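If you check TrEMBL, you get these features:
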- 246-267: transmembrane segment (TRANSMEM)
- 292-321: region 'Disordered' (REGION)
- 358-384: transmembrane segment (TRANSMEM)
- 621-869: domain 'SSD' (DOMAIN)
- 624-641: transmembrane segment (TRANSMEM)
- 701-723: transmembrane segment (TRANSMEM)
- 729-751: transmembrane segment (TRANSMEM)
- 762-791: region 'Disordered' (REGION)
- 765-791: compositional bias 'Polar residues' (COMPBIAS)
- 819-838: transmembrane segment (TRANSMEM)
- 844-869: transmembrane segment (TRANSMEM)
- 916-939: transmembrane segment (TRANSMEM)
- 1180-1206: transmembrane segment (TRANSMEM)
- 1213-1233: transmembrane segment (TRANSMEM)
- 1285-1306: transmembrane segment (TRANSMEM)
- 1326-1349: transmembrane segment (TRANSMEM)
């Protein structure tokens, strides 16, 4: 009928009247009628028709009866609440069905194609052809396709059109015969020639008339377009090609530096060769000149090169040159005229005196020191009574004053805690479940849906419904979430709900049609809880064809979710956890049999799974950590041992013993007195082991040192527990390891220095004067303690015997300031970590700082006492660990007394490494190499990712690994996100307009409108679903056109009608109101009236009669005050896009907060977002700033402390710079080795800062304070710094290498055996990187830079007789 309206011309009908139903309880079927339209019977039918179909039906005949009009009204009323928010869609919908049912031109576009007998025996319509013009069909579909249903976070098209994607699919859904829908088949064929189709001008949602105009939420074309925003993490950066501007500048600067160095080097070589040629020409005229002036003869050799001519076994200092032999004590190594008073640093001297006094006290009165210190330690350990471990992830990783934590608490208090989801993925059993490390699970390639699989799984679900917990026998109905109230159904999202959990009515063919029908039209397959269940909730891995159409029957996974209520009540929580435990045990048993029983595989998680599996991982890690400690203890015990030159090794002793065994069975033919026999080759029943193995092994000393580490950690725990600081699992695993690594370093330094003191002042010092300390490379190579110096050196410079107590005191006097430097710096660096608000990091920092400080105190007190006792024991030849047994001394027929000299590492450093490193060309290459590493690290660290994959915290064999792999691949929905509005008076119209979105006067930037606009750019907002806007649905519920929703008594409008009250007793709430309800919001309630209706809305049941009622959909979306007269807070619910990676979770958090902040700023509201994962990812919003703050403050502390204790800002700056470079290198490797930045890696970066100081501090202090026999005077240029650095490397290099580097390497290497990915990535990888980087920077870069630009040195006095004289004078 083209553009004509009903009543303009008489036409012909195709059907009219009702001829009974198909069944006894079905809808009425129309009668075929090929006649003219007739007038309606009675005025009520006409009024009803006009109220729904418009004034064009006010007069004239129609093709329907009054009964049909009533049926039409009931049918339209079902769709009205869903589409009424968009007038264009609603009026098109009415026009479509009003014309189909009552138009007097019906016969021109409608043709009855088949009839049937009804239950009353009458002939009724079975199918018709409805010819609809493309213009109207397309416009009808377009007006409805974007209409949203907030309560379901979905679209009206899902309910009225079966999720149709085209107008043809929409019309087909409307015409298909179904129980809830059309009682007969309506087909929509192509319009043949000569037929006038139904094609009025459709209404558009962008039209300006009130009968068409829709709000932004339901009509994207009228929405203001938001400006483009880059997705989180993809903000524009300055780029030069593929490099960032920073990377480009650093790369360019490095290239220029390399070119400049090479140019300068080759220019210098060329100039030297030119000078050599010029001098060679001068040789022809003067032989003398060539001898004295040739640069060849003046070319500077390697520092310490003269020592290369000495055999490795000769550790004497060699002969001094005649030029420096008579300079006496205190002369410069390199400056022949520097005989002035050496420079002294008073703080250093003061520290040396105080440490000497402390060492003398500890060595002289060891048991008194033990009593005092261990009493204090015992008191500190009393704090263990208040010891507590924090396991709550929220309290661990979220600051107490964190915004996300407070928001979570606010949400839980006002809306209740989030649900506890129990999720199961059911897939076809294959061999694809062994997933390689760092590789996500990929598609299994097998369709899981089959009739047998469905039948088996529905039986499993039946078992779960019958499952009872122990001991209280709770079932799922006792703990599940019931949106309709306590008497409602549980929310179970499963494909079984599409079959009403019963396959008895289906066979091996019909089940496919049911799956396809429910997947395409979820509204026709409502589960028990009466909310549409879309395929994305129950199917995973659904393949798509090239046209984007999904093949639901080929889905690779069934997704089953049991939603369990959570509560702040511990008793309710315990009830839920008890049932979850029963479900977990059932599923574990099922996973063992489901493969063989049904060829299926399940991956699952329950509410109690994660915490239990993490605890298992911790128990597994303990074994590896303990093994690591044992490895370090074994190394320390062996490395600290002192093996004398007179002793042979264990292997040699066993070899002699084995060779001599046959002689025990032979008869000797030579008299014992006739020949001298080597006793080592004499046959023995038992092997003759080396004497030093029993006397000098120092195993007990090493064990004592490790015991002090345990005591320091224990005391730190006791003290901080007393102060209320809880420990964590990270602290329990890491702190002992950290303190042991740091503490053992100091043990090595003290023991090695004691060996040097024994060499100089031990029992054989006078006879063994040639075995003095390290020699200067450019000074004469004869010790100042050699007898040839007797005529030129004061008598007190001659080596003399010192008591064990004095040697121990002198050891502490020399190394105490170095230990103080490293310990204070590490303590302050760790302590600064307490500034981080994250409890796990803060508590770790406090425990680490306390443990390191206490360990340092114990080492300079009781360990020194133990060192004295051990020295006395060894010198009296008493057995290690059994001091009551004393071994007799052996007779050694040697030419001269022997004493242990420097070990192999020390000789290598002195004779090869240090001279090579300090060569000028090598220095240049070292600086260039480490500059290149710095540039590469800066480039690499820009690619560090944030996050911590929770799978890493699980044991490798945990069933949750399989679950998280499936979750990443098969879950096609994201977590819900709530935008909470609080402290807003929603009873006032201006504030209502700031919230709503479906009325013409709603603010363009209201909460609902902004969330809808953000949904349209999911790459930036991570929002994928329409928003559940409670205020829009509430105000629509008040619409008098919704006759079955808000109802009051006719006689007493102050009383609300109950759902079962008769229609004749009730009327719509706002019926007859002036001004009447409309989409401009005029006539809508405010103030107290608003709250009265709101309270009723929240308790009205959400059902088919009124899907806009609020009890099921919004019962927990609003929080009222105790009196119920004010809305304290409300939320707008939507859904995130599927989040499959750590970056997605972090970016979704950032996007949601950006949206909330924008709304708050523009609307003046208080809005914040909340989702379950936000509280755990809050750290990543601040972690970069926290890392910068803590590392920056740590470096500042390192600078101040090192400059103060070294006595040189220049040297302190160099040490700080090298420490910073070490940390930068560690961060550079993090990106390469797939180590993300999170709280754990931040803790390790703090550790890196402290440990890097350990590698640098001892070398730097030895450089600034060389030993007295290598004493350096006022700076004399570059050569003077080279000499001091050579001395420093010779002095402390072996201790740094063997004590610091090797100890840590051994301990960390054991961690490679762990099965925990968390330990392997965040401890083994990071700490291995730290140790290697720290050793390279401390033993390679730092010596080079200090030799180039280090500060002037000071006299080292603490190991001379002068110190003993001073101390004696102070006590006389």
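Keep in mind that glycine also has a Cβ here, set from the backbone N, Cα and C atoms.
Contact counts against the transmembrane segment (701-723), taken as Cβ pairs under 8 Å, peak for 844-869 among the stretches 358-384, 844-869, 1180-1206, 1326-1349. Contact between the transmembrane segment (246-267) and the transmembrane segment (916-939) is supported: at least 3 Cβ pairs lie under 8 Å, counting only residues 6 or more apart in sequence. Across 358-384, 916-939, 1180-1206, 1213-1233, 1326-1349, stretch 1180-1206 shows the highest tally of CB pairs under 8 A with the transmembrane segment (819-838).
Comparing 844-869, 916-939, 1213-1233, 1326-1349 for CB pairs under 8 angstroms to the transmembrane segment (1180-1206), the maximum falls on 1213-1233. For the transmembrane segment (1326-1349), the residues of the chain that approach it from at least six positions outside its boundaries are 914, 917-918, 922-923, 926-927, 930, 1210-1211, 1214-1215, 1217-1219, 1221-1222, 1225-1226, 1229-1230, 1233, 1235, 1241, 1244, 1247-1248, 1251-1252, 1254-1256, 1259-1260, 1263, 1278, 1281-1282, 1284-1285, 1288-1289, 1293, 1296-1297, 1300-1301, 1304-1305, 1308-1309, 1311, judged by C-beta separation under 8 angstroms. Sequence-remote contacts of a segment are chain residues at least 6 beyond its ends whose Cβ falls under 8 Å from one of its Cβ atoms, and for the transmembrane segment (844-869) they are 355, 358-359, 362-367, 369-370, 373-374, 377, 380, 701, 704-705, 708-709, 711-713, 715-717, 719-720, 725, 727-728, 730-731, 734-735, 738-739, 742-743, 746-747, 750-751, 754, 804-805, 808, 811-812, 816, 819-820, 823, 826-828, 830-834, 836, 1243, 1246-1247, 1250. Mean pLDDT, taken over the domain 'SSD' (621-869), works out to 70 on the 0 to 100 scale.
Same-chain residues lying 6+ beyond the ends of the transmembrane segment (916-939) with a Cβ under 8 Å from its Cβ atoms: 243, 246-247, 250-251, 253-254, 257-258, 261, 265, 300, 302-304, 1221, 1224-1225, 1227-1229, 1282, 1285-1286, 1289, 1336-1337, 1340-1341, 1343-1345, 1347-1348.
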